[in-house]
Structure formats: C-alpha cells, structure tokens
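Asker: Below are the features listed in Swiss-Prot for this protein:
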type	residues	note
ACT_SITE	Y148	active site, proton acceptor
BINDING	11-14, 34-35, D56, 83-85, Y148, K152, 181-183	NADP(+) binding site
BINDING	S135	substrate binding site
MOD_RES	K40	N6-acetyllysine
MOD_RES	K96	N6-acetyllysine
MOD_RES	K195	N6-acetyllysine
Amino acid sequence: MDKVCAVFGGSRGIGRAVAQLMARKGYRLAVIARNLEGAKAAAGDLGGDHLAFSCDVAKEHDVQNTFEELEKHLGRVNFLVNAAGINRDGLLVRTKTEDMVSQLHTNLLGSMLTCKAAMRTMIQQQGGSIVNVGSIVGLKGNSGQSVYSASKGGLVGFSRALAKEVARKKIRVNVVAPGFVHTDMTKDLKEEHLKKNIPLGRFGETIEVAHAVVFLLESPYITGHVLVVDGGLQLIL
C-alpha cells in the first residue's frame, strides 16, 4: 500500500503534530484546513512534496472536491486522519442553536463526510486506515460542554459502526480520545488548577497524541478501538 495520508485539521494543534510525525516517517501528506494560508504554512514546514488544501468539512461538495484534487496530485488516499474540530463551551440553556449546529456539523458530520469520500478509493484498493480524533469528554461528559461532548461521543459510535461495516474490505477505523492537551482550544483554561486532577500531573503535548494516532494508523490488527490519551484523567472522572 502507498503511504498517502489526508490530515483534516492539519494546520494546527494535534492535526499539525500528526502531519509532522508522519512526514518524518515517509508519508506523503495532504494538509487540509479551512484556512488555505494556514494549511500552506503547515505543509511548507514539512518540506518535501506535501500539499495543502482548503476545505470546510461541513460542506459535502467541499469534501468531495478536496478528495478529487488531492488524489489527482498525490495519488490514492489510503490513510485518513480527522482532527478538525471546534468547541464553544457554555451551559446548554445559554447555547445558541446555531452554535450547537456548527459544532455537530464540524465535529461529527464533517468526519462522516470525509470518511464517506475516502471509502470509494479504500474499497477499490481493498485497504485503508482511518483515525478520528475524539475527546475524553465524548466518553465521560463534562459540565459546560454538553454539545461538544455529544459531537465527540457521536464520533465514537460512528467510528465503531463504520469499523464493522468495512472490516471485510480490510479498512480499519479507530478513535484517539485526548484529555487536556496544549492547543489553541485549551490555551485559556486554568491549567494550574486543572492539572491537579490529572494523575500524571500535567497537560499533554500534541506530539504525544500524534504518536497514538500514528500507532493506530499503522496497527494492522486493531479496529473499532478507542485509545484514550489523557494522563490518567479518565481514572478519576
């Protein structure tokens, strides 16, 4: 199998760390983000012949066009990472409906659409590997994150069901569920207070999550699995 990987949400955070690690391991990368300039900057930092694309994962025609373009320029995609995500914290009673919809569209529907688009090629070539980036709150829930928790919890159910659907085609689907990790999404959190509740006593780094993502991408006998990377936080939630 060729080593062509599409990383959605690859311009920053966990997605960018995944792209960096995979580039070092010899993969050809498509770095995909809503902001094309950010994607180009991330792809440029990788060196080599990696490419950047702009895509709003919540729009099916955007996703379809992106896959057509990246396969035209890089070849068939056989590895897919879904790391695009947004979060708008707030109590449910104070959350605007449009904010609910945008989180569900980006965090859940977006991954569904990219997986659907990738299936055509992966089924044709009888093989592929997908890792969707979830969250520990999708498994445990968290006050003030009911919508985000729903989107990430839904991603787990979707991934497990899809893993069953495509296993006979030699396509694997797994989830990595991070806890608190240093990203733009967590930069405003009260780290000193929160890390006291983490058994390992600190926030994680994006590269630590990236190693888990690549492990699942490359593990030929693992599918339908949720790998939690949270410093032990799940032990006390």
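Each Cβ is built from the backbone N, Cα and C atoms, and glycine gets one as well.
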Asker: Is any of the binding-site residues S11, R34, D56, A84, T183 within 10 Å of K40 (N6-acetyllysine) (Cα-Cα), and if so, which, in sequence order?
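Answerer: Among S11, R34, D56, A84, T183, the ones whose Cα sits within 10 Å of that of K40 (N6-acetyllysine) are S11.
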Asker: So among S11, K96, T183, all listed as recorded positions, which is physically nearest to S135 (substrate binding site)? Use the C-alpha atoms.
Answerer: T183
Asker: For V181 (NADP(+) binding site), just count the other CB atoms lying within 10 A of its CB, please.
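Answerer: Step by step: centre on the Cβ of V181 (NADP(+) binding site), count other Cβ atoms within 10 Å, giving 21.
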Asker: Compute the C-alpha separation of K195 (N6-acetyllysine) from S11 (NADP(+) binding site), stating it in Å without decimals.
Answerer: 26
Asker: Can you tell me the CA-to-CA distance separating the residue listed as 'active site, proton acceptor' and T183 (NADP(+) binding site), as a whole number of Å?
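Answerer: So the alpha carbons of the residue listed as 'active site, proton acceptor' and T183 (NADP(+) binding site) sit roughly 16 Å from each other.
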Asker: Far apart in sequence but close in space: which same-chain residues, 6 or more away, have a Cβ under 8 Å from T183 (NADP(+) binding site)?
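Answerer: For T183 (NADP(+) binding site), the qualifying residues are R12, G13, I14, T206.
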Asker: Find, for the listed binding-site residues S11, S135, the residue with the lowest Cβ contact count at a 10 Å cut-off, counting only other Cβ atoms.
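Answerer: Counting other Cβ atoms within 10 Å of each of the binding-site residues S11, S135, the minimum falls on S11.
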Asker: Would you mind checking how many other C-beta atoms are within 10 angstroms of the C-beta on R34 (NADP(+) binding site)?
Answerer: 18
Asker: Among the modified residues K96, K195, point out the residue whose Cβ has the most other Cβ atoms within 10 Å, with all shown protein chains included in the count.
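Answerer: When each Cβ's neighbours within 10 Å are tallied, K195 leads.
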Asker: I'm trying to understand the geometry here, so how far is the Cα atom of K96 (N6-acetyllysine) from the Cα atom of D56 (NADP(+) binding site), in Å to the nearest whole number?
Answerer: 21
Asker: Can you check which residues sit near A84 (NADP(+) binding site), meaning Cβ under 8 Å from its Cβ, same chain, 6 or more apart in sequence, and list them in order?
Answerer: F8, G9, G15, I32, A33, R34, V57, T106, N107, G110, S111
Asker: Hey, what's the Cβ neighbour count for the residue listed as 'active site, proton acceptor' at 10 Å?
Answerer: 26
Asker: Check the recorded positions G13, K40, D56 for other C-beta atoms within 10 angstroms of each C-beta and report the one with the most.
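Answerer: Max Cβ neighbours within 10 Å, all protein chains included: G13.
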Asker: Need the DSSP three-state call for K96 (N6-acetyllysine) to compare against my parser.
Answerer: coil
